[in-house]
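Peer 1: Quick paste of what Swiss-Prot says about this protein:
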- 1-35: repeat 'HEAT 1' (REPEAT)
- 42-79: repeat 'HEAT 2' (REPEAT)
- 121-157: repeat 'HEAT 3' (REPEAT)
- 259-295: repeat 'HEAT 4' (REPEAT)
- 365-410: repeat 'HEAT 5' (REPEAT)
- 615-650: repeat 'HEAT 6' (REPEAT)
- 680-700: repeat 'HEAT 7' (REPEAT)
- 701-737: repeat 'HEAT 8' (REPEAT)
- 738-775: repeat 'HEAT 9' (REPEAT)
- 810-847: repeat 'HEAT 10' (REPEAT)
- 850-887: repeat 'HEAT 11' (REPEAT)
- 1020-1057: repeat 'HEAT 12' (REPEAT)
Amino acid sequence: MEEGILLKKYVESSDKDIRYMALSDLAARLNDANHLKNLKLESFPDTLDVLLQALSDASPEVQQEAVRCVAIISSKIPQDKLKSTVENLLSGVAGKKSKNYLSALSLLLSNSNVQPFVNKFYTSTVFPSFLQILKQYNVAQEEFFAILCVVCDSLEIYHSNLSTLLPNNFELCIDVFQKCTTQCQRELIIKKACYLLSDVSLYGPRFAYKYIIEVLDRGLGPSTQMSEVNISIKLLNEILLSSKKEKDSSTSFISTAVADYTNKILSLLKKEEAPDELTQKLLEVLGLLLEYQQVNILKIWPELHGLLISKISYDPNLISDTNDEDDIADFLEEMSDYSSIYEDEEDVSWIVRRESLKVVLSVILSRLEYLPIVLQALGTSVVSKLNDREESVCLISIEVLKQAFLHVPRWIEVYATSNDRKRRYEGLPSDRSAISDTSIYLVSVIGKHVSKLSDKTPLSIVSELLNLVTVIFSSRDLGVQSEFSNLSSIIYRFPDFSTLDIKIKLNLVRLISAIISCGCEEIENMESKMSTILSLAVQNNYPQLSYEALITELSFCKYIHKKQPTNVSTDFSTMIDSSLQLLESKISDLKVRLALIDLVSQYVILFYEPDFDSIFLRRVLIILCKKLQEEPTRSAAARALCDIFMSVTDITKIENGTKIYEEILQDCCRHIDKSGNEFTTAYLELLEVLLKVGQKYLAESLLEHILGLLIETLKRNTENTVAILKCLLIIPLSILLKSKNLLIDTIISHLQSSTIHLNEESVCLLSRIIAVISKEEDLELIINSFTCAQKPVEEMVTLALIAAQLICIFQSKAIVTSLNKSFMSPKSEVRIKVFTTLIFGQLDYGKLTLPANEYFDTIASNLNSPNADVMKAAAIALGSLTSQSEKFIKELCALYVSDAYDKELLLISFLTFLKKSKIDYETADKIWDILSKDIENIKDFSTSPFRTLLSECLGLLICNESSSLYYKLELLSSSEASNHMLLSLSVFRFSLTLDCPKLKAYEKQFFEKAYKLFQNPDLEVSQETLQVIISVIKNRRSCIADVYNELLQGLISKSSVDSSNVHVVQMGPFQHVVDNSINQRQLVFETLYSLLDIPESLNHLTHFLQVSVMGLEDEHYIKLVSLSILEKLVDCSPSIIDEQVDTILEALRKIIELRKTEKTLKTDSDNILDLVRSALRVLFTMKLKCDNPVISEFESQVQKGPYSLEYEGIKNEIKTTIKT
């Protein structure tokens, strides 16, 4: 092999160039991905030894190539040799042979393929060795810093196992820390040493952080030297930064002392002798404490407030009284060229000012409740820094103000809309004026500042001010009207739009959008400038800028139309014209094309008048006609033309209007049934409008062609029934009658189709069109044809409704009489009896002047029919008829109480009635009491269809009457009777599928009590509760937040086999083990699977992983759900899978090794295949997401096994899904 030849060439050559070329070629060959994949180091046993020797080659160039080779093959080093390889590299670093040993070691440790294996011995071998090496080196040597960097980088990867660190190794860590902080003044080394100690303290054993507390307590003491304070602050800073990155890491030892540390830092900040660099660090730590630890800000506010004011204004080189609120605006106006006062390159006081402002920002971002206090106390100080002589201070002051104004609406929403006694007790404001008045004042000062900006103001500051002004205009609570002119003047600071950076262009467009949204009268004065900017932005090559500019232009159109609907300025017209020109060109971005179509069509609709520019309108129609033929824009163009023709009803006023109209109509007809469903809908909607507008201009032959086209479309297309029928109803009756028989046959065939599902609108349209083209004598034949439909009773209801509407339209009592004879005849077929019963339930007896009560009794008598379909039809018809009269409600209740008929059938009647009717509280209350009476005595209630029907009826009653009946549901759930609890849960579950906005608060309240029932010893109650929880996760996710932790722990406790529910049953000579809780456990796993969709679950993935691995040892269905959970976990967090990769792969191996035999039953065979396919899905998902050699090795075994074909199929499925 070529690798062996190259290694031999290196070993045997004394020429450094040949050795270099040999290793260079070897590195190039190894770097080939396909070659590396199949490389096995066992074929070249001396490879590693040779490469490790090459790291100390006499030639530096050869050493570097050796480092490359070691880094590339590190993922191929066998596990049994990996530890010795790392130890050899550590020996090379310790022996000071070459710095390339360290480079090679660093690259190996950072290789994700070897990390799972190194993780096993990092804490016991690698980390202590590093510490010993650091003790040997002099801190002044450059190698010391290089090794320290590698140690810190590796800790970031391998800190998860530091909990096993031995005490003597921690002492080494302390020695290194002390060596760095006492023998060295180099800032970077001290910072790395602090990171080293903080990481070990956060992730190491308990004794580790005791030392760090001692260091902090000693360093932050009142009489400590500044050098020790400096070290302690840097150490505390690193700990807080680590806790910010790793939210799950243990920082309890900081949290317990947070108040003490905060007070100590405030005391240190008061010391005037503290240098600016230390003050900067103290402020950084203070900001982190306030933002990420629960500091009680109210307790320290008087001290903190005064300190921040002094530090924000801290400038020893300038004496100025700018803290007076009355003088702040004058100060900003006078100091418009503040930076030119003096230049002092050694002055770093600006860092203190900047860090002080960052502390304010930390409070605003993390502690919303304190926003009014912060603005009132510190707002003027922050605003005063808008003209600071240091650019970075100006920028951070702008950011503070921007974030404060962004949070004002949120504060008002959360705190100013409720009467919060607790806030008043704590001394926190809850009145809207507490924040509004201060904000309005600050906005007025900012407005004056913006209006006085100098030409010398840096572009970066003007750009950020632009963003600040955008935020101000976007808010409705900051009083922008009084400062409109001053604030909006910032637009004129950018005279040449074409030369601006793309980010500033975007921000300008967003500012214009915000200005338009505020709706001030003064906008008219800026119309010219804003039109010019938007026009230039639309023409830009950057799609996002063009798109946002177009959306803003559309808002501008609506604003102009609202203010001056008949008077459009020249600049505004030019802006629209340039957008139309862009639409004519071949612009590639689809989003921009769609926005352009929407803009030009809305412009026509908004400003169309009899004297509207007909040439412009003609151009718009021609362009849209072209877009109608381009596939990506067909639907949008069709809808735009719809809207335009609904406004422009007289096409003769358009130049060549009739010709353009005919072209659009022909194009519409050409594509109406050849495109996808979305486009068909759009074309049909356009055809409807075109027929309304220009029917009188169309030849009879063309109308006949359109009719034929619509009939053919109706035959094939069951998705667009409504749109097709609307078009048919516009065609003149004389044309329709020519194809009467064909049309009726098509409609009947359409109705008899098993795939057709009609809504209320389509039923009305069908009734109308049949009535338009038919005569009364045709009616009986048409209705009889409906009975031939092979549909279940529930679907025949729709056909019966059409028949009933036709009877009412023609006022045909004769048909009713004929149907009644068929109904009463004992010789009538069942299907005729079913259909007639359903018709009687839907007739409008008032219109027909027929006695409805007679038909009520006739229908009710069929509830005892020997045929099940007739009984069901009678139940549905009775419910429909009940919705016509309050008298029938009482009669239906009486029938239910009488026990003369099957209660399940009568529940179907109630269900039908409640879906159609709105009833008052008294009636709802009465029905509830009747339906829910004596349910505790019903046997097999949990599995009975009766429970489902009853739950739906009661659920509809609750949603019908909103909250009034919720107390009865709560009474049921608090009952000790199992049937009561089951009913309350199933009613609640059904109500979750309905949209009842008024019930949201009651739903949350009920759920927080009811969800605990999944711990109920009654397994049926527990299972129904789990079904409820799954439904809540899907439909009312917000209800989960407050109960998440308790729910998760409860589910985990129920996920394992409960021995108290397992018993042995003797069946003949055999004994069978029965697990009564298996259904409950299945639902627990389903609930956990659904719960993974809640964002909070990302903080508890370890629990899900443990449960899913345990579930792989359970019964078949639970194994399947566990595999689905695992697949989700791989998507959520591949790193957590890496931690348990061996356990997971072992569980997958057991499943994939399952085999079918000749004696295996088909059911068992299918179950095995389902399991194996699910396991293979998890494996391939792991391969995609986790970069781990163990997974690759396992995959190669699967590809050689009996399920290799299934695995390839699953790979293709997943890849196709990802592409889609």
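Placement of Cβ uses the backbone N, Cα and C atoms for every residue, glycine included.
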Peer 1: Under an 8 Å Cβ to Cβ limit, what residues of the same chain, 6 or more beyond the ends of the repeat 'HEAT 11' (850-887), are close to it?
Peer 2: 793-794, 796-797, 813, 816, 823-824, 830, 833-835, 837-838, 840-844, 895, 901-902, 905-906, 908-913, 916-917, 923
Peer 1: Which whole number is the mean pLDDT over the repeat 'HEAT 2' (42-79)?
Peer 2: 82
Peer 1: Checking distant contacts: for the repeat 'HEAT 12' (1020-1057), what same-chain residues at least six beyond its ends satisfy Cβ-Cβ under 8 A?
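Peer 2: Non-local partners: 942, 978, 981-982, 985-986, 988-989, 992-993, 1000, 1003-1004, 1007-1008, 1010-1014, 1075, 1077, 1079-1081, 1083-1088, 1090-1091, 1093-1094, 1096-1097, 1100, 1103, 1107, 1110-1111, 1114.
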Peer 1: Quick check: do the repeat 'HEAT 6' (615-650) and the repeat 'HEAT 7' (680-700) share at least 3 Cβ pairs under 8 Å, counting only pairs 6+ apart in sequence?
Peer 2: yes
Peer 1: Same chain only, please: residues at least 6 beyond the ends of the repeat 'HEAT 7' (680-700) with a C-beta under 8 Å from a C-beta of the stretch. Say none if there are none.
Peer 2: 634-635, 638-639, 641-642, 645-646, 648-649, 651, 658, 661-662, 664-665, 668-669, 671-673, 706, 713, 717, 719-720, 723-724, 726-727, 730-732, 735
